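Per TrEMBL, the features are as follows:
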- Lys20, Thr177, Asp178, Thr219, Gly220, Gly221, Met222, Arg223, Thr224, Lys225: ATP binding site (BINDING)
- Ser60, Asp145, Asn157: substrate binding site (BINDING)
- 285-371: domain 'PUA' (DOMAIN)
Amino acid sequence: MTARRHSEQELPRWRRAVLKVGSSLLAANGGGLSTRYALGLAEFIAASHRAGREVVLVSSGAVAAGRALVRAQPETAHGLAARQALAALGQTTVVALWQRFFDRPVAQVLLTHDDLRNRRRYLNARATLRELLALGALPVVNENDTVAVDELKLGDNDNLAAIVAALVDADLLLIATDIDGLYSANPRTDPTAVPVDDVAAVTPAIFAMAGGAGSSAGTGGMRTKLEAATKAAAAGIGTLLFNGTDAQALRLLAQDRLRGTRFRAAETRLHARKYWLRHAPLAGGCIRVDAGAARALGSGGASLLPGGIVGVRGEFARGDMVEIETEQQDQVFSIARGISQYAAAEVRRIAGRKSAEIESLLGYSYGETVVHRDDLVALSGVGA
Ligand SMILES: Nc1ncnc2c1ncn2[C@@H]1O[C@H](COP(=O)(O)OP(=O)(O)O)[C@@H](O)[C@H]1O
Ligand SMILES: N[C@@H](CCC(=O)OP(=O)(O)O)C(=O)O
């Protein structure tokens, strides 16, 4: 393969990123996992940590590691249950592989796409990942292959990484693979393929460039990487695709320079999030707040604390999108909407009380805010 190289480009600075490492890198020789390319990637992560940055790692490789452990032949162990068993066998090897490079603790986080579609579990996963980052740990995420039931979804860590990037409010999604970046066609099969450095939007014409996986270890090929870039862009997050086998590309990346493909997000992250908050379906319930809370929420920047709540209408679950209203001169105005950290019955019990009392009132606490300011959007022109 003698394809032309991508040009070098400067990147915006970032603070938190999700880095996805594919099986093509960890099991490059088609056998078990090897440190050959993991070392350079770990050095990049360590350099990011030294620069005060946070990294969530999404690492594949469990199936490849499991296969090597039981010496299963690639042509056997192909069914869903067999792959799931191999993933369970190999997952400890994946975590152990990464732990050996770091002094800081490495945390294993196994997620399914279903977990992330369910709002309660989404919130819990988000809180856990935030907590792990606050503790200085390196979260190592993989799909929870043993319980994933959707065969089509199994083995798609590119898409999972994009969802995790939105989950943890990352500034950037980094996808390390075994090729320099996107080409106009798969350069392993098409010698006329030319490098693509910058993608403003993943259009059908871009999708048409993508072929399947290049190695026996890899699964999704370029298509799932483009899907991931599309998902990340919708959340206002840019994606970088680069070659994890290229030590120089990794050193450049640590200096905010890219040799690979940059996928841009048209929206800013805040804008994309606010748009989603404005348009996500509402649960039936509603939280009524006093004039002081209404002012604080209306002018933006404040979270809703239990003290400002005067009542609850209807029912909703923890993680539901609820309307927030206030009463002024006998008229009720809808002033904001946001994701409630507590169910309606819980909000009724803590309404009007201090955040510090939540634990004694409920016997547990999901945090001091009922609606966190990151999960809240004020509806302009009313109530404030
Ligand atoms: N247009 C394209 N540009 C670059 N690579 C492509 C393209 N189409 C298909 N590919 C293939 O995608 C492979 C990377 O995907 P994959 O093997 O699934 O890796 P990973 O395990 O990192 O997810 C490349 O090695 C390449 O063969
Ligand atoms: N979750 C599985 C497969 C993940 C997957 O998407 O593989 P890849 O396309 O190599 O990133 C594993 O750990 O083997």
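In case you wondered, yes, glycine gets a Cβ from its N, Cα and C as well.
Values in this document were obtained by computation on a predicted structure and should not be read as measured data.
Sequence features annotated in TrEMBL and their locations in the structure.
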{"residue": "Lys20", "record": "ATP binding site", "DSSP (3 states)": "strand"}
{"residue": "Ser60", "record": "substrate binding site", "DSSP (3 states)": "coil"}
{"residue": "Asp145", "record": "substrate binding site", "DSSP (3 states)": "coil"}
{"residue": "Asn157", "record": "substrate binding site", "DSSP (3 states)": "helix"}
{"residue": "Asp178", "record": "ATP binding site", "DSSP (3 states)": "coil"}
{"residue": "Met222", "record": "ATP binding site", "DSSP (3 states)": "helix"}
Lys20 (ATP binding site), number of other Cβ atoms within 10 Å: 28
Sparsest-packed of the listed binding-site residues (Asp145, Asp178) - C-beta count within 10 angstroms: Asp178
Cα separation, Asp178 (ATP binding site) to Ser60 (substrate binding site) (Å, whole number): 13
For the binding-site residues Ser60, Asn157, Thr224, the one whose C-beta sees the most other C-beta atoms within 10 angstroms: Ser60
Integer average pLDDT (0 to 100) for the domain 'PUA' (285-371): 94
Other CB atoms within 10 A, centred on Met222 (ATP binding site): 25
Secondary structure tally of the domain 'PUA' (285-371) (DSSP, helix then strand then coil): 26 helix, 28 strand, 33 coil
Filtered binding-site residues, from Lys20, Asp178, Met222, whose Cβ is under 6 Å from an atom of ligand 2: none
Thr224 (ATP binding site) and Asp145 (substrate binding site), Cα-Cα, nearest whole angstrom: 17
Rounded inter-Cα distance in Å - Thr224 (ATP binding site), Asn157 (substrate binding site): 8
